[in-house]
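One structure is given below, encoded as structure tokens.
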Amino acid sequence: MAQSKTELMAVLAVMRKYNLKGTEELLKKEAGLADIPENVAGEAEVNSVLAAYKSEGDPDIYENSYMELRKFVEESLDIYKHELALILYPVLVHMYIELVYNNHEVQAKKLITQFGPEQEYYYQDELAKLAMVTKRDEMSGNDITDTFKSNAFTIRISRDTLSLLKRHLHEKKASVILNIVNEHMYFDLYEGVARNKAQCDATSGAMTGEAKRQDNKIKVYYGLLKEPDVQTLVAAPPEEDDDMDPDAPDKPKKKKPKKDPLFSKKSKSDPNAPPLDRIPLPKLKDVDKMEKIKALRESTKRVNLGPELLPSICMYTLLNANHTVTCADFCEDSSLLSVGFTDSSIKVWSMTPMKLREMKSAEHLKEIDRDAEDVLIRMLDDRKAETCRTLLGHSGPVYRTSFAPDRTMLLSCSEDCTIRLWSLHTWTCVVVYKGHQYPVWDVRFSPHGHYFVSCSHDRTARLWATDSYQPLRVFAGHLSDVDVCIFHPNSNYVATGSSDRTVRLWDVCVGNHHRLLTGHKAPIYSLAFSMCGRYLASGSADNRVLIWDLAHGHLIAALTGHTASIHSICFSRDGTILGTGGLDCALKLWDFTKLVDDISGENVNVSHNPDVRDGEPYLLRTFPTKQSPFLTLHFTRRNLLLGVGMYELGV
């Protein structure tokens, strides 16, 4: 009697919650509970009662139901088998969670021991963590159980395959599986032929299944912003008066100076580019414009790479640094190199004969003419110039450094949960950004400066501006650590890679994700955008580099060949070559132009993902190092490829 009364209280509480007053009064009257006060049944009681309805009376029914489902999948026609097999893993997980919740520890352990090993290899880590949860109390706060309870597992499936599955479940009256399918799974339906094994494998692997097609339907402005006009700053000789000098009538007229061919071509507007005023970008100073002119002049001396002309490679090996170096980064013009260490220090080296100068003291600065054109140069003290500088301030290992586009500042992030901004004039920390509650794995400057993005163990990425202590946006949605982040070349988007085995593309303007990319089978550690902005390359601990088309959100190629995690990816400055470096001490060069040419002829706007290309035909060459895993790769403005690695004993 007490149990039925508790259940009635729970039902009344649910009705009150949804404001069903009429129905509530009728039920009270029929059950003789008219004098019962409100809020007798607490939320915890309601949840426990509702959860009890999910469990079946006989715990052994779970094992039999799973075996019947597995048999049905194995005996299905080959055309449907591969899509049907995708439901086995989420069904097993939810069965285990229900058994543990209802205190059937023995049956739960038997179920996961018997059927866990036959699941896909990329789910084994999660199943091992799940098997450690054997009591209801242990479920609270557990990553795996929380993820599965609060997120539907998504499976892309054809209408015919789903009809076949539902018919089987209703015929067999498999109520356990029907409950799981209805409450914890989302089927992304499409019309047409069911996918084959290769197509199913290409996009599976994420913690909560595949991406819904709806996730990738929003338009992405992947084009590049129009380059600012810098021609006005190019020094032109003073104009001569066109009138003839009366004293020298025979003097010939001076020819007008020729226009610099470098600036004669007007930059065209990219139809896929975002509006220039979509996000506020910092205005270019004259110094920045002069730097752009310098970069343009250098680009004219760039080597045009291709299958017949591979880049020269310069490898910097860090010696006597076994297990002490954590990261390395080059500035955009390749003149500076920064390296982060486990002892919380950062070292910055000059890669040119010009040493790293420090700003003069306040007394000496008073003597400088502020209106002079070279005021910045005069402010720096040549006597204190050094080849290497050390920055101290963090209280934990430094996980990433990033140079500002103008090379005046450096960002760093650390295990101490902070991000620091360093001045490369005074060689001191000028700002400490606090917001993440856990170690910060990555930080990157925007290509246009001012903004930067960070990502952390707290499962979020954050957008910051250098002049604000608070983050401007918090990108939340990943289900595990966000391990890597990077800005799109037009600064309007941020890409993140996570240990939940997904890549997301976020719009910095609205803060939502506009692409959800699934296909990796392990955490993602490196990302790089193509020069045109349309393609994204991601490297992972599954030893593969995947190439994504951001226009449609499709996976178009899987580059295999590495034998360890890939921690560095870089496109050449002309966008023709893709370089990948891994912990397997190997650098691989891929023909990206050929890959794009092969894809452009296909119609990729189909109901489900196109066939994924194998990377073998596009591999140009592999360069092994002796015992130096790659920390970073960087193409210079002239397409020389620079690599950094640390010499490791016993690799």
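Glycine too: its Cβ is placed from the backbone N, Cα and C atoms.
For 56-185, the entry in TrEMBL reads domain 'TFIID subunit TAF5 NTD2'.
TrEMBL lists 236-281 with the feature region 'Disordered'.
TrEMBL lists 238-247 with the feature compositional bias 'Acidic residues'.
Annotation comment: TrEMBL describes 259-269 as compositional bias 'Basic and acidic residues'.
If you look up TrEMBL, you'll see 318-359 (among others) marked as repeat 'WD'. Long-range neighbours of the repeat 'WD' (318-359) within the same chain, counting only residues 6 or more positions beyond its ends whose Cβ lies under 8 Å from a Cβ of the stretch, are 291, 294-295, 365, 379-382, 384-403, 405, 407, 410, 412, 414, 416, 422, 424-427, 631-632, 634, 636-637, 640, 642, 644-649.
What TrEMBL lists as repeat 'WD' is 391-432 (among others). Summarised as a single figure, the pLDDT of the repeat 'WD' (391-432) averages 94.
Feature annotation from TrEMBL assigns repeat 'WD' to 433-474 (among others).
Under the heading repeat 'WD', TrEMBL lists 475-508 (among others). In terms of DSSP helix, strand and coil, the repeat 'WD' (475-508) has 0 helix, 20 strand, 14 coil.
Residues annotated as repeat 'WD' in TrEMBL: 517-558 (among others). Outside the repeat 'WD' (517-558), and at least 6 residues removed from its termini, the chain residues within Cβ reach (under 8 Å) are 121-122, 202-206, 209-211, 215-216, 220, 222-224, 272, 480-481, 483-486, 488-490, 495-499, 501-505, 564-575, 578, 580, 582, 584, 590, 592, 595-596, 599, 604-605, 609-610, 612-615, 618.
Feature annotation from TrEMBL assigns repeat 'WD' to 559-591 (among others).
Taking Cβ pairs closer than 8 Å, the repeat 'WD' (433-474) reaches residues 281-282, 396, 399-406, 409, 411-421, 480-487, 489-491, 494, 496, 498, 506, 508, 511 in its own chain, all 6 or more past its ends.
Note: the repeat 'WD' (517-558) comprises 0 helix, 24 strand, 18 coil (DSSP; helix = H, G, I, strand = E, B). With DSSP states grouped into helix (H, G, I), strand (E, B) and coil, the domain 'TFIID subunit TAF5 NTD2' (56-185) comes out at 101 helix, 7 strand, 22 coil.
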